[in-house]
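Structure, as structure tokens:
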Amino acid sequence: MLTDLLGFPPQVLFGQLLLGLINGAFYAVLSLGLAVIFGLLNIVNFAHGALYMLGAFATLGLTQYLGIGYWGALIFAPLIVGAIGVGLERVLLRRLSGIDHLYGLLLTFGLALVIEGTFVKLFGASGIPYPTPEALQGGVNLGFMFLPFYRGWVVVASLAVCVATWYLFERTKIGAYLRAGTENPRLLQAFGVNVPLLTTLAYGYGVALAAFAGVLAAPITQVNPLMGSNLIIVVFAVVVIGGMGSIMGAVVTGLSMGVIEGLTKVFWPEASSTVIFVVMAIVLVLRPAGLFGKPA
Amino acid sequence: MNKFLGYLIVLAISLAAPLFIYPVFLMKLLCFALFASAFNLILGYGGLLSFGHAAFFGGAAYISGHALKVWGLPTELGILVGALSAGVLGLAIGTLAIRRQGIYFAMITLAMAQMAYFVFISSPFTGGENGLQGVPRGMALGMIDLTNDRSMYYFVLAICLAGFLLIARAVHSPFGQVLSAIRDNEDRARSLGYDIERYKLLAFVLSATLAGLAGATKTVVFQLASLTDAHWHMSGEVVLMTLLGGLGTIAGPAVGAGIIVTLQNYLASGPLAAWVPVVLGVIFVACVLSFRRGVVGELREFLRRSF
């Protein structure tokens, strides 16, 4: 057996590290979605947390009313919420193209209030438990810590989605269009690419990513109308730290912030809810453009 | 001359109002009108969207509540301490936030305010979830008993009028003009030799201090400082008030605050009580989509077109 590390039993240390990795995986997937949306729409999607919550509720609804279990929800919930996102983009966000970016933030803030307020009214502010899928119940003792299968799965699945997104953007034709759209939408349109459609798809994809994180979170955090409302602020801080420039930047920043938060819980529990904001402040002083951002 | 007459009418109405309307409601209205006007200084005239003004409003509420209740300071001094501490907090957050522009500025202020919120939750002096209750109103100038709602109203009116005058003065001063120039074209203002970071920071600190003044005054009125004051929903509400009333207009934020506070009061007692956030969200969306000039802005536009 390992002896205590720095005076802390390894069970505690690695347990918190794993929790940190899980939170970090959520930060990564959510900030990745924000970056995709920001790239094409120039909008900071304040409704991201609410849509993440919708993903969890879609999972719950699919199971309760359609008998579709966790594995089906993993595919269908992002599709449903992504479709809602496409609708929102077509009906509301589209009208904001060409005016100050701040209005996009304000509009999506209003949307977040509407969505979260409605769900609080309908389901109350307390959480509804969602069972861990049968295949992932239990865990394995690794000697230095106990690893619940589901938690390991969350980290693996999130990373897989991040890698898939990276592949989509960097190695495929549609990814090339998306990057070109981020760089210069008017020129891209002049080449005959349907940029408005691309923009809609980008929003739908970013939102689907948020919903995917919501499905993963459902068995861990319970399904709660307000599960995304504080999370999104932390994700904003993560985005400021990493910058919205690169996919890998978002993933690396998200995971490392989760780990830092987890470690803080071990060494200085009182500071764990603020540590990411402190890191943000330090980064702003030392490297205002963010760790992976290009200086303006 | 016309303007002067307008001010006189507003003054007369606000002096007579407590005879007809419940003074506590009026005081709430005044505090939020000052809060929104202070916020407008940074968003409407500076073009910087702060999503963290609840930290100043709520922070000053706690500090002045503590100063009055535990230290036993006189009422005026307690409010002043609250406002000044909000200014110091504004200096700290502003120094960080002005290092980035646009949406990043919004995200940074939001994140820093959230950090302040967590500090308030875990600090023993704020009373956590219960809030800081039973803050004494005390005496104004050591002789006017503020436990009387009507005397309290005129005390609050005096504070808020002073705040409005300061804001109006700042906006019309050379400082305000430079601020608007920075909002409209940052590079051009810089090329003219203005140290734009200093202007932005000064505007931010002034805005934070006045938001704190509003928060501290609100604490004295309700004898309570709570987490609601510092929550990010409050930051959102003040954005909505300003936007609804009219960005970059002197009267707009006060009008917006009036509409929102009245609406909240009206809804709170009806069957729609639980739907308040949804209603606010819908107004937000409607404002952004089709009403970006706000009530006062649209009115001004209408008057200009018809005459």
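Quick reminder: no glycine exception, Cβ is built from N, Cα and C everywhere.
On a predicted model such as this, the values are computed, not experimentally measured, just so you know.
Features as listed in TrEMBL:
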TRANSMEM  A:12-38  transmembrane segment
TRANSMEM  A:50-68  transmembrane segment
TRANSMEM  A:74-93  transmembrane segment
TRANSMEM  A:105-130  transmembrane segment
TRANSMEM  A:150-169  transmembrane segment
TRANSMEM  A:190-220  transmembrane segment
TRANSMEM  A:232-255  transmembrane segment
TRANSMEM  A:267-286  transmembrane segment
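Only residues 6 or more beyond the boundaries of the transmembrane segment (A:74-93), in the same chain, are considered here, and those with a CB under 8 A from a CB of the stretch are 41, 43, 47, 51, 54-56, 58-59, 62, 68, 104, 107-108, 111, 157, 199-201, 203-212, 214-216. Between the transmembrane segment (A:150-169) and the stretches A:12-38, A:50-68, A:105-130, A:232-255, Cβ pairs under 8 Å are most numerous for A:12-38. Using the rule of three or more Cβ pairs under 8 Å, pairs at least 6 apart in sequence, the transmembrane segment (A:12-38) is not in contact with the transmembrane segment (A:105-130).
Counting residues 6+ beyond its ends, the transmembrane segment (A:50-68) has Cβ neighbours under 8 Å at 30, 76-78, 80-81, 84-85, 111-112, 115-116, 119, 123, 128, 130, 207, 210-215, 217-218, 223-229, 231-232 in the same chain. Sequence-distant contacts of the transmembrane segment (A:105-130), counting only residues of its own chain at least 6 positions beyond either end whose CB sits under 8 Å from a CB of the stretch, comprise 43-51, 53-54, 56-57, 59-60, 63, 88, 92-93, 96, 218-219, 221-229, 232.
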